[in-house]
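Novice: Relevant sequence annotations retrieved from Swiss-Prot are reproduced here:
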- 380: active site, nucleophile (ACT_SITE)
- 13, 186, 187, 188, 189, 190, 191, 222: UTP binding site (BINDING)
- 13, 146, 147, 148, 186, 187, 188, 189, 190, 191, 222: CTP binding site (BINDING)
- 14, 15, 16, 17, 18, 19, 71: ATP binding site (BINDING)
- 54, 353, 381, 382, 383, 384, 404, 469: L-glutamine binding site (BINDING)
- 71, 139: Mg(2+) binding site (BINDING)
- 291-541: domain 'Glutamine amidotransferase type-1' (DOMAIN)
- 1-265: region 'Amidoligase domain' (REGION)
């Protein structure tokens, strides 16, 4: 039977509960245990699919098409296990399920209430489908004390009594701030956070304390005394140079041993940390460095491109180089020539986005990469803009644009009005709902034999994750190919363009899907490995 670890956060948000959960899962895996990670988000949105990237950050898409929290990306990258739609739940989804059941009459006329109906639905989500796992780690979003998190805290409190003894523990992540005027770390915020948690009936078994400097033993003893946890269960979580340093750091602090001890488990074998030590060695001892420009729309918030940032780093690991990212707001190139900025970089990447803002600036960056033979990688929207740029500047198609931007006689990119979902043909219109209406999840693509991208993959049939509402218009394929743009990948039915490239360019590839979502530190995505390899070659020419 699975054992449950519930991870809560206190004092402030953005302490890194997702990284803490992923790191603990990696440590348990290194000891030979099977682990599942789940995220419970208290917001009322059904999913983050329609939320602004500036508010929520990246939307992480799973193989089965769920739009989920970006922490699931950390879970996948640290454990190598693919998440699915059942690994992330929101208050909105919980309430939607309950209302649907109430309308069907499933509650037999009962008054539907937060307790027991909402909490029962949360508990059902937490405990379903865990038979094959040794541990289930559940991260509770938000901060203790948030009113919207109360049903989740009540649900995990109840599970402590409903599951067998020693099958549930609580890890509380908190902050110990340093007050420079006093010259000391302060324990009081953590004490109050634990007090708030205890007020809802939850007593943490382990305190994971974030700090920017080592915590003195006297302060750890103080936390142990006032927060009612064992001295060894006060684990310091110091700031690390990279997130991939965290598992080793937590192991050295004894987090995994303390978790097993809390469950009454005393394994004889230490975890095998060899691959984590290899990764951190590569990160801190690169054999060179390159610089790439990411020309994007949401560059003001790096969390909007979290998986992309990590995938680029993985490409650097594969090539034993440090990759410096120069974040460029695409609107900059709508006001000025990109040459002075881009001539210094070794590669250009245009990531996914929605809407017309910054599109012209991105196309100027794409034109620069094409004409100057700089390695270029276009993802989703980046591929679509590469096709529009070719239509305008090579094929000389008048008013070439996207129907997402404006009405045009030559929509190189158009709205997907219908596609198969399972065996059902779904249709949507411009006035329909936006939530869950995109092409989402893993789909197959057929790559041309001997194309550059097929050589990179080492195969001609691939499965990649998609998240898009618009597609390159197949009606313009022949005209664009006559101008040298190769449609090197198509959907198996030959209807949807999936990849493009220029045969006479050192490295120019656009993909309709999101390869960054499947890249892992121990298994870098081949496209990112190849792209960074090309930038290394470019660095020798600049």
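Residue positions begin at 1 at the first shown residue.
The backbone N, Cα and C atoms fix where each Cβ goes, glycine too.
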Novice: Can you tell me how many other Cβ atoms are located within 10 Å of the Cβ belonging to residue 187 (UTP binding site)?
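Specialist: Neighbour count, Cβ to Cβ under the 10 Å cut-off: 22.
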Novice: At the Cα level, what's the spacing in Å between residue 189 (UTP binding site) and residue 15 (ATP binding site), rounded?
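Specialist: It is 14 Å, counting Cα to Cα.
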Novice: Comparing the binding-site residues 14, 190, 191, which residue's C-beta has the most other C-beta atoms within 10 angstroms in this structure?
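Specialist: The residue with the most neighbouring Cβ atoms within 10 Å is 190.
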Novice: Quick check: of the binding-site residues listed here (17, 71, 147), which one has the Cα closest to that of residue 54 (L-glutamine binding site)?
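Specialist: If we rank 17, 71, 147 by Cα distance to residue 54 (L-glutamine binding site), first place goes to 71.
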Novice: Three states by DSSP: which one describes residue 139 (Mg(2+) binding site)?
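Specialist: Note: residue 139 (Mg(2+) binding site) is in a strand by DSSP.
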Novice: In Å, how long is the longest CA to CA span across 13, 186, 187, 188, 189, 190, 191, 222, which the record gives as the UTP binders?
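Specialist: Those residues reach a largest Cα separation of 23 Å.
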Novice: With every protein chain in view, how many other Cβ atoms are within 10 Å of the Cβ of residue 147 (CTP binding site)?
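Specialist: Neighbour count, Cβ to Cβ under the 10 Å cut-off: 8.
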Novice: So what's the average pLDDT for the region 'Amidoligase domain' (1-265)?
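Specialist: The average pLDDT of the model in the region 'Amidoligase domain' (1-265) works out to 95.
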Novice: Considering Cα atoms only, can you say which of 13, 187, 191 is the nearest neighbour of residue 353 (L-glutamine binding site) among these binding-site residues?
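Specialist: Among 13, 187, 191, 13.
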